[in-house]
Amino acid sequence: MVVDKVIDKIKFSLFSPEMVRKISAAKISVPDTYNEDGYPIDGGLVDQRLGVIDPGLRCKTCGGKIRSCSGHFGHIELVRPVIHPEFAKSIFVLLKATCQSCHRVLVSKKQIDDFKAALKDEEIAEQMLASIKKLSKCPYCEAKQQDIKLEKPTTFYRGDKMLLPTEVREVLAAIPNDDLKLLGVDPEYSRPEWMVLTVLLVPPVTVRPSITLETGERSEDDLTHKLVDIMRINQRLEANINAGAPQLIIEDLWELLQYHVTTYFNNETTGIPPARHRSGRPLKTLSQRLKGKEGRFRYNLSGKRVNFSARTVISPDPNISINEVGVPLQIAQELTVPVKVTQWNLEECKKMIMRTEYPLVNYIIRPDGKRKKATEKSREELSTTLEPGCIVERQLQDGDIVLFNRQPSLHRISIMCHNVRVLPGRSFRLNLAVCPPYNADFDGDEMNLHVPQTEEARVEADLLMKVQDQIISPRHGRAIIKGQEDHVSGAYFLTRKSAEFIKGEACKILSIAGIYELPKPDRGGKYSGRLLFSQLLPKDFNLSYVSKLCREKVCKKENCEDDGYVVIKNGRLLSGAIESKGFESELIEKIVRDYGSDAAREFIDNATRMSLYVISKQGFSVNLTNYTIPEEGRKQVEEIVENAKREVDSLVVQYKNKTLARLPGRTLRETLEERIMMTLSKARNNCEDIVENHLGPENTSILMARIGSRGSILNAIQMAAMLGQQAVRGKRISRGYKGRPLIHFRRGDLGAEAKGFVTSSFRDGLNPKEYFFHSMGGRESLVNTAIRTARSGYMQRRLINALQDLVVFSDTTVRDAGGAIVEFVYGGDGNDPKKITKGGEVMTGPERE
Amino acid sequence: MARKRAIDPGEAVGILSAQSIGEPGTQMTMRTFHYAGVAEQVPTGLPRLIEIVDVRRTPKKPTMEIYLTKEYSKNEESAKKIAEEIEEVSLGKIAEIRENFARKEIEIIPDEEGLKEQGLTRGDIVKKVKKTVSGSIREEGNSIVITPKTTLLRSVRRTTNKLRTLHIKGINGISRVVVLKGDGEYYIRTGGTNFEEVLKWKGVDSDRSYTNNIKEVEKVLGIEAGRNAIIKEAKQVLDMQKLDVDTRHIMLLADAMTMNGEIKPVGRHGLSGEKVSILARAAFEETIKHLIAAAVKSDEDRLLGVTENVIVGQEVPVGTGTVKLAMKMGKK
């Protein structure tokens with residue numbers, strides 16, 4: 001991009017009345033908008049010199065049309081000056097800081113010299129204001145100083161006498177420039193008397209456009225309404241003054257003018273009632289337009305709307321690469337990529353324009369900037385008149401570079417660069433392995449797609465944001481794009497010791513992963529799953545780790561009965577089965593670091609596809625009988641429940657007898673609760689063995705928990721054996737009626753069941769009391785989730801705002817926007833968390849044995 | 001080889017750090033945590049993390065871990081003794097205080113058992129009371145009777161309240177103590193903190209003792225220690241939730257918070273509120289206030305940061321935007 005204009009800095013200052021008049025294109029003199037014929041009144045608030053909002057009309061100042069004229073300011077001459085409400089505080093400070101008679105700063109010459117000698121320029125003002133004590137005498141003219149008071153929002157008192165804005169203005173005007181500088185006010189740009197308004201700047205109509213309702217009626221913007229109010233009172237005040245009305249009436253009107261001006265600037269000023277619309281809705285005036293989440297700054301300036309984007313529901317597609325995104329044809333036909341026409345691609349572009357089906361050209365931008373739509377009729381002509389310098393906007397095609405995003409965009413990998421794959425259907429398709437960075441699932445999630453429009457943008461996206469380069473998360477240096485859930489289960493079925501396949505199956509499994517070379521069978525005439533899986537690995541790949549499946553205290557290494565010790569030598573999986581630790585972390589991270597992201601992308605694409613094939617071939621599901629424990633097991637569970645209840649009862653008895661041994665630092669009651677909670681959670685945990693034994697290691701839930709693909713043993717326990725203790729605020733349930741949570745219990749019952757211990761399992765179903773307790777716990781967690789998202793969102797916003805300007809410089813320092821050094825070497829060692837291997841090992845290139 | 005894992009110049013490490021700490025926020029629990037014994041319900045998870053970045057003057061539940069020197073740490077008795085000495089005892093805790101409005105007197109009835117437990121005598125109390133109250137004091141049987149100088153009812157009540165919280169022994173602010181065993185030694189956990197005093201106490205290992213009050217660490221041990229405390233506390237919160245975040249991110253946050261020699265909170269009263277850029281401050285919070293102040297001072301925005309440039313629609317000075325490279329176009 002050729003940058004021809006750069007804004008170097010922006011200066012803020014006050015407008016002087018002269019400046020306002022100079023800027024103004026029109027003096028507003030009529031407190032009205034349109035006349036009976038619906039035409040703007042000259043000198044009215046929508047004077048045509050202020051710009052145009054109606055199509056077809058031309059601006060009387062610059063002659064521009066609706067888009068080309070951005071509008072011009074006007075002004076209102078206020079009959080009497082009025083205090084600008086937002087500056088009341090600044091005025092107050094200045095009034096207090098200066099002498100009421102000679103208007104010099106109330107700090108002695110000596111002290112000022114001291115400050116000047118000791119402090120930097122920026123600090124003087126602060127110290128000055130701090131040192132202005134309640135001097136009763138001016139150090140220069142020795143005049144006595146009266147108390148200055150500000151009655152919010154805009155009324156000033158000196159002693160007991162109210163100061164009129166005219167008086168305030170005179171006082172401010174008399175403060176000498178040199179003294180203002182000391183107080184941190186730059187008189188060249190911001191004379192304090194300009195804080196009292198004599199002329200009011202009127203924003204262009206384009207800032208406050210009126211809307212035409214269906215009935216043909218015009219509805220004016222809130223600001224216009226407010227300006228009309230100001231004009232009306234201004235005129236009435238003028239008329240009264242000219243007619244020589246009594247001072248009292250004039251002051252009343254003056255005050256009313258002040259009110260309207262105040263609410264014009266800020267309609268949420270404390271201490272005054274907000275100005276309301278006819279319907280009773282408070283008006284949105286200037287302040288409200290800028291402020292807050294929906295204000296100009298956050299809504300329109302920090303975040304901007306874009307073109308060339310699309311949004312639709314997402315759905316999974318394991319057959320496309322992690323680098324790709326499936327784009328519905330409909331969307332591909334709408335979104336375009338600009339192609340610059342040069343002498344070298346002129347013919348190609350002409351052909352492109354003449355095409356009659358899918359990759360069409362939607363628009364052609366002529367060198368003069370005119371945009372022409374390519375239609376069936378206009379194609380011929382456009383193609384013949386095409387010349388170098390034109391830009392052809394062609395439809396999105398396979399391989400195009402796009403950005404893909406899911407909100408909330410909590411981290412940078414919420415937006416990644418994908419290659420387009422145009423597919424039938426109406427949803428975006430994405431590979432399942434890229435769900436974790438987006439935190440996406442397919443229960444109706446929608447995602448956004450953006451098409452970069454410049455070569456630079458495309459190159460940056462491709463080089464820096466490509467999915468395969470984000471496999472390792474910079475948050476913790478671990479894989480975040482990885483096989484999950486069924487991928488892991490599939491990989492386990494493929495690589496467990498017993499897995500072997502006949503030739504036909506082996507061929508299918510390999511070909512699905514894009515491998516067309518069949519290795520020699522290693523198990524008689526059959527192929528072990530491990531052999532097949534090994535084909536995905538680089539030929540010189542070496543890795544060994546203890547997996548989740550290990551249950552031994554002392555590692556038996558290769559002889560592990562649970563397939564718990566994974567050894568990969570020269571690209572061959574020799575022992576151990578692949579479970580979540582391998583597929584979600586070890587394998588992928590090692591491949592990324594040693595073989596690069598291309599190899600890793602290929603591995604993830606192929607391995608997940610292979611796993612899914614294996615798991616879908618054999619089937620993997622659950623049914624009710626999977627959670628039915630045989631009679632023997634049920635008895636054991638019952639026994640555990642009975643024992644636990646008995647133990648709780650005995651604890652309660654001990655508590656009542658006061659023989660319970662107090663835990664250090666706890667009251668007796670707290671001790672009891674603590675002990676009961678421990679007993680009951682132990683009871684539930686004791687079910688683990690029963691559930692595991694009776695459901696067996698091949699039970700889907702148990703298996704998934706063991707290999708870490710989904711769920712935990714606790715889930716299986718809750719489904720098959722018992723739910724266990726329900727808690728609200730981390731304690732047993734105790735709210736509800738006096739001394740009992742439900743009327744079905746005795747008052748003061750401290751037993752297990754009366755406080756939310758659920759002995760039923762999900763399979764058996766809960767009785768009404770248990771159901772109620774379970775709901776109480778469930779509701780708490782819902783409420784917590786809602787609160788948590790709000791709180792953590794705000795925390796993150798603050799963190800980002802505080803740290804966003806910190807950047808690593810080429811001298812390894814981390815500095816903020818002002819260039820101040822935050823860290824001399826990033827992270828103390830200058831390492832990128834994404835590039836180092838976890839555990840602080842030094843990565844020294846491919847590790848090969 | 002080392003350069004291979006080096007961070008790229010221009011990397012927006014600030015944003016990276018903020019995202020890495022903020023993103024897991026949604027996964028954190030809100031539950032409180034029981035520290036064995038003292039100060040129940042210590043906030044963990046999100047509330048605690050927010051507390052850390054806010055740098056609250058006192059955390060919701062301040063606690064200390066006091067380690068003892070070798071002579072005291074091996075033996076439970078000696079550890080308990082120090083714990084008892086440290087625990088703050090107020091008069092109200094060991095004595096009943098009665099007001100006699102008719103006679104305009106205050107009667108203090110010490111709890112003999114409580115006294116013995118704390119190793120105190122009535123004399124100790126009398127001495128302390130004499131120091132704080134003006135008036136005559138006499139011992140009447142079991143009780144100590146005070147006749148205050150000023151006999152206004154209001155001032156009698158005020159004196160009583162003062163007496164109730166009168167510090168008798170121990171260290172101010174340490175409301176609860178528990179002796180715990182861990183790693184072959186006894187240590188003390190407290191509810192309430194007074195880091196400065198505790199470190200001076202005989203028998204306390206000042207090298208290892210710790211408080212979770214970050215501000216206090218900074219005050220007593222200095223800014224570097226404050227920085228380390230932020231890192232330690234934040235890391236502890238994340239570890240407890242089993243959330244994996246690289247230390248570098250937390251270090252950068254701590255460094256940014258402490259770079260000017262005092263701990264500044266994250267937010268409008270700290271880091272964000274003191275930014276140079278007017279537009280960045282206006283876009284964060286308190287929009288109008290910042291714009292008005294800038295106008296009065298006729299300040300400039302030099303557009304050096306990220307938000308400012310987004311607002312004016314320019315390239316942002318991070319990443320590839322830091323590179324100022326121009327190519328001469330046209331024929332030679």
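Numbering starts at 1 and runs along the chain as it is shown here.
Note that Cβ sites are derived from N, Cα and C of the backbone, with glycine treated the same way.
Keep in mind that what you see is a predicted model, and the values were worked out from it rather than measured.
These come from TrEMBL:
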BINDING   A:Cys59, A:Cys62, A:Cys69, A:His72  Zn(2+) 1 binding site
BINDING   A:Cys99, A:Cys102, A:Cys138, A:Cys141  Zn(2+) 2 binding site
DOMAIN    A:193-495  domain 'RNA polymerase N-terminal'
BINDING   A:Asp441, A:Asp443, A:Asp445  Mg(2+) binding site
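Sequence features annotated in TrEMBL and their locations in the structure.
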{"residue": "A:Cys59", "record": "Zn(2+) 1 binding site", "CB count, 10 Å": "23"}
{"residue": "A:Cys62", "record": "Zn(2+) 1 binding site", "CB count, 10 Å": "16"}
{"residue": "A:Cys69", "record": "Zn(2+) 1 binding site", "CB count, 10 Å": "21"}
{"residue": "A:His72", "record": "Zn(2+) 1 binding site", "CB count, 10 Å": "23"}
{"residue": "A:Cys102", "record": "Zn(2+) 2 binding site", "CB count, 10 Å": "13"}
{"residue": "A:Cys138", "record": "Zn(2+) 2 binding site", "CB count, 10 Å": "20"}
{"residue": "A:Cys141", "record": "Zn(2+) 2 binding site", "CB count, 10 Å": "12"}
{"residue": "A:Asp441", "record": "Mg(2+) binding site", "CB count, 10 Å": "11"}
{"residue": "A:Asp443", "record": "Mg(2+) binding site", "CB count, 10 Å": "6"}
{"residue": "A:Asp445", "record": "Mg(2+) binding site", "CB count, 10 Å": "16"}
| query | Cβ within 8 Å of the Zn(2+) 1 site's Cβ centroid: which residues qualify beyond A:Cys59, A:Cys62, A:Cys69, A:His72? | reply | A:Ala25, A:Arg49, A:Leu50, A:Gly51, A:Val52, A:Lys60, A:Thr61, A:Gly63, A:Gly64, A:Ser70, A:Gly71, A:Pro204
| remark: argmin Cα dist to A:Asp443 (Mg(2+) binding site) over the binding-site residues A:Cys62, A:His72, A:Cys138, A:Cys141 returns A:His72
| query | Using the Cβ centroid of A:Asp441, A:Asp443, A:Asp445 as the reference point for the Mg(2+) site, which residues of the same chain not in that list have Cβ within 8 Å? | reply | A:Ile314, A:Ala440, A:Phe442, A:Gly444
| Roughly how many Å separate the Cα of A:Asp441 (Mg(2+) binding site) from that of A:Cys62 (Zn(2+) 1 binding site), to the nearest whole number? | 54
| query | Tell me, what is the mean pLDDT of the domain 'RNA polymerase N-terminal' (A:193-495)? | reply | 92
| note | Same-chain residues at least 6 apart in sequence with Cβ under 8 Å of the Cβ of A:Cys99 (Zn(2+) 2 binding site), in sequence order, are A:Val105, A:Leu106, A:Cys138, A:Tyr140, A:Cys141, A:Ala143, A:Gln145
| message | Quick check: with A:Cys99, A:Cys102, A:Cys138, A:Cys141 left out, which same-chain residues have Cβ atoms within 8 Å of the centroid of the Zn(2+) 2 site Cβ atoms? | response | A:Gln100, A:Ser101, A:His103, A:Arg104, A:Leu106, A:Pro139, A:Tyr140, A:Glu142, A:Ala143
| message | Between A:Cys69 (Zn(2+) 1 binding site) and A:Asp445 (Mg(2+) binding site), how many Å separate their Cα atoms? | response | 42
| message | Using the alpha carbons only, what distance in Å do you get between A:Asp445 (Mg(2+) binding site) and A:His72 (Zn(2+) 1 binding site) once rounded? | response | 45
| task | Rounded to the nearest Å, what's the C-alpha distance separating A:Cys59 (Zn(2+) 1 binding site) and A:Cys102 (Zn(2+) 2 binding site)? Just drop the number here, would you? | result | 49
| query | Just the number: how many Å between the Cα atoms of A:His72 (Zn(2+) 1 binding site) and A:Cys102 (Zn(2+) 2 binding site)? | reply | 41
| Rounded inter-Cα distance in Å - A:Cys102 (Zn(2+) 2 binding site), A:Cys62 (Zn(2+) 1 binding site) | 48
